[in-house]
Amino acid sequence: MDITVNSQSNTVAPKQAECKKMRYSIRKVATVGATSALVGTLAFLGATQVKADQVTETAPAVATATATPETSTASLTVASETATSVATSEAVESSVAHSEVATKPVTETQPSNTTPSVVEEKASSTVVTSSSDATTPSATVAAVSAPAHTSEAAVEAPTSTASSEAADTHTEVDLKVSENSAANANLSKLNGRIKSIVEENMTSDQIVALTEEEIKALNKVDFSDDAIKGTGTSLTYRNLKDIVASFLKQDSKLAVPYFKADTIINMPAFNTVDAQTMKKEEIDVWDSWPVQDAKSGVVSNWNGYQLVISMAGAPNKNSNHIYLLYRKYGDNDFTHWKNAGPIFGYNALEDDQQWSGSATVNSDGSIQLYYTKNDTSGGKLNWQQLASATLNLAVENDEVVIKSVENDHILFGGDNYHYQSYPKFMSTFDDDHNHDGNPDRTDNYCLRDPHIIEDNGSRYLIFESNTGDENYQGEKQIYKWSNYGGDDAFNLKSFLNIVNNKHLYNLASWANGSIGILKLDDNEKNPSVAELYTPLVTSHMVTDEVERPSVVKMGGKYYLFTASRINKSTDAEGTVAAREAVGDDVVMLGFVSDSLRGKYRPLNGSGVVLTASVPADWRTSTYSYYAVPVEGSSDTLLVTSYMTNRGGIAGAENKSTWAPSFLIKMNADDTTEVLPKMTNQGDWIWDKSSESLVHVGDQNSAKLPNEDFNVDYYAVSGYGLKPHTYPTVDGSTGVSEAHGVLTVTVKDGKDKKADKPETPVSPTEGNHSVDDKTNKPGTSKPADNNQPSADKEDKPTNPTNPDSPARTPFPYYGDHSNDNNSSNDHHVAVPVKPSTGDSVGDRRPVAQAAEIATPVPKTIVATGPTVPTNTVKEESVTETEAPKPVKSEEKVQSHGVDKANEVTKSDESSKGNNTKVAAKLATTPKTPSDSEGSNSNILSILATIFAAIASLALLGYGLVTGKIHLPKK
């Protein structure tokens, strides 16, 4: 039964029109006192029934109980009795599941310090009732809209004296039914298999919190067979997370060995005349490859010499051209390498670049070169094409010389079905995949790095590429369940994370990296494409870049390797974690198959074979890993690389150079391990004389005295180029506002860049769009400190490029390029790790796999019913727990943030809005606990005292003024 009390009724005697003087009798005064006493009594009783958790500045009295399936919300609220009521808001405890705030009802069985979550409720004029038995307390309350000046209140009184146990049971059942109804309402909107997946892997609260947009996205999931046409082997999102987890462990079986920094020297053979600048100076050398036997892959013995072709160029000059190096076969002395000069001659053009490739010996002794021709003329965004040329060499006076270059021609530029072409790439470059009204311009075009291999009498090229129409990029890739690669729980959480984050959604929709394969015809010296095939490996939704692929045939198996960077992937959290743990994020990936075009299996489960060990700006930082078979071995490979990032990253005097090589072993179970075997710098052949201990180091000796753990990623990974369009970062929290991932900030300390400002870095700083021509590592462009050598500028008599019209340089350059536009540096501090001794294999794990690859929580069996609240849906579901910030004083915001605090802040910032009231109505009478009873008892006692004082005051006033006359006997 509802009891409504009018505070003005029976308190003022009716005016008598015929009386000139108002008189009060003792009977009427008594009535006033009785009424006041009744008000105080009701206030006392109400204090045991109604407890205000939060009261805002409102005049109208509202008591609501709402259950709205459309908003997936069931909440109980009650307002203060009048505008003059005062109550103290209690602390709010919130439990977040998926991304909603869950609220539990308070019953007698719950401890007094348990309080519900608070949500904002709009005033409603709809009356929502929940009928109950006559033997149980009524749960019916009305939602009333009233003007701000109204002082009426609707308060429910107890209607039964049933036991509290029965009330608890009834309440829990009602709330559980309400909760299940809301969850079932959302489940009913899902179709087929995705409905079962959601039901099995999400809690009721999470299901209730699903938005209409999420439900719509879930219904678009494509469960097509994993063996999708045009896919090849998929590098999945699960693989990516596992790669990062392995990276963080710094497992000695996978981590690149430490090299002793003070033993590393610049390559003497590259103190030479630069093909483009025409100045003699020490120049950088990076991607390199030997002339190999196309059948076995071993380094060819060409007339007693080993030959290597390298990309090289003057620092900070955007000089990207290839040179021929040679040394006596079997010689292990790094200083004995000699430079035959640029293959395509001097006076080279900045816009006509040559990038990575491979080479083999033809039957007539000539060298067949396969390389990447890159055109940046007229503002082109790195138009890469596969090319080939024949090198005619000779030995003259113990020197290898380039006599001529012939048959230089384009082999392949993309067919648009198997492999994306540059025109097709440009046709969608301005598309808006994340639907924000602006062109994305984050796509990355790759068609480069051809690697020659001969199998069953035919020559094939393996190359880096992007997929074509056969299995093209686009939003559809986000909805392909097979691209996620994990169990349903992992896939579901990852899917919701991506669809709720427009930036990840953007990158994932464009990512369509692939490792392609084509067959050449039988013309060795002037080949053309005979046949195209579906890619061997694809990385839809994961990355656009899988660089420098190569296939090694060994032990009856085919091993496929590629180099990559985590920061070029869609795992922003993984990039941050890797950079914070190590200071770099480069890896070598590997796959194995029983045939050249067979199904490739990822090595070590995820595909990771090598992980970086030192910060990217150290002298001993390595990249561009290239595996060469060891002659006579069926399970061992020699890994080569270049060392020191270009453009003076480790100091202007430290040029990019060839690193010492080391061995890795392929195990029968498709696992790999780094062996404690190292060579001198620049060794491409492993034999009995190859092993050297000169460069063996540990973590302490792997850096130069002036090197520390502050990494300038803008210079190292950005090379002066613009990053992908990522959300802005809150400098006070270090958190990306779009997806709440932790950014790594500067650590206080002295270093060679200590004079530069501390600036938070985006978790994906260094992820670059093709708009910025980012395809391979480059550098930022400081002032050029490299002066021409005073030595005589001897110019070898090598062929020069054909005449070409002058071209206006384009301001953006690719990763392959050596341009270094000046920029503001961003330093990221990497925690100093303790020395692990001088053993290459002795490493301490930096982080656990679970920290980077967290599965979706399984369905939780609730110990009590919960009432989902109507709260703002979080923007995304974070896949990983963000790493701790370097600065302890910085606040970190995670996806588990208490949304109740946000509501409270919102209330504080919107005072004066008298329509928002949030409180909770207990459903059974109970004695107030110590925490809540004191306030309610005080209020009721004060109300009673006030009523008594008011009665006495009126009586005294009437007697003194003569307005009240005591009756005479």
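From the backbone N, Cα and C atoms, a Cβ is placed for every residue, glycine too.
Remember, it's a predicted structure, so these values are computed and weren't measured experimentally.
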Of SER356, SER377, SER634, residue recorded by Swiss-Prot at the sucrose site of TRP286, ASP287, ARG448, ASP449, GLU545, ARG565: SER356
Which of GLN420, GLN473 belongs with ASP443, ASN512, ASP544 in the Ca(2+) site listed by Swiss-Prot: GLN473
Neighbours of SER356 (sucrose binding site) among the binding-site residues ASP443, GLN473, ASN512, ASP544 (Cα to Cα, within 10 Å): none
Shortest C-alpha distance to ASP544 (Ca(2+) binding site) - which of the binding-site residues TRP286, ASP287, ARG448, ASP449, ARG565: ARG565
Binding-site residues clustered about ASP449 (sucrose binding site) [Cα within 10 Å; pool: ASP443, GLN473, ASN512]: none
Listed binding-site residues among ASP443, GLN473, ASN512 whose Cα sits within 10 Å of GLU545 (sucrose binding site): ASN512
TRP286 (sucrose binding site) and ASP443 (Ca(2+) binding site), distance between Cα atoms, whole Å: 25
For ARG448 (sucrose binding site), the one of GLN473, ASN512, GLU547 that lies nearest, given that the recorded positions are compared by Cα: GLU547
Distance from ASN512 (Ca(2+) binding site) back to ARG565 (sucrose binding site), taken between C-alpha atoms, in Å: 15
Other same-chain residues whose Cβ falls within 8 Å of the Cβ centroid of ASP443, GLN473, ASN512, ASP544, the recorded Ca(2+) site, in sequence order: GLN420, ASN444, ASN466, THR467, TRP510, ALA511, GLY513
Nearest-integer angstrom distance between the alpha carbons (Cα) of TRP286 (sucrose binding site) and GLN473 (Ca(2+) binding site): 30
Candidate nearest GLU547 (active site, proton donor/acceptor) in space, where candidates are the binding-site residues ASP287, GLN473, ASN512 and distance is Cα-Cα: ASP287
Residues TRP286, ASP287, SER356, ARG448, ASP449, GLU545, ARG565 binding sucrose per the record - widest CA separation, whole Å: 18
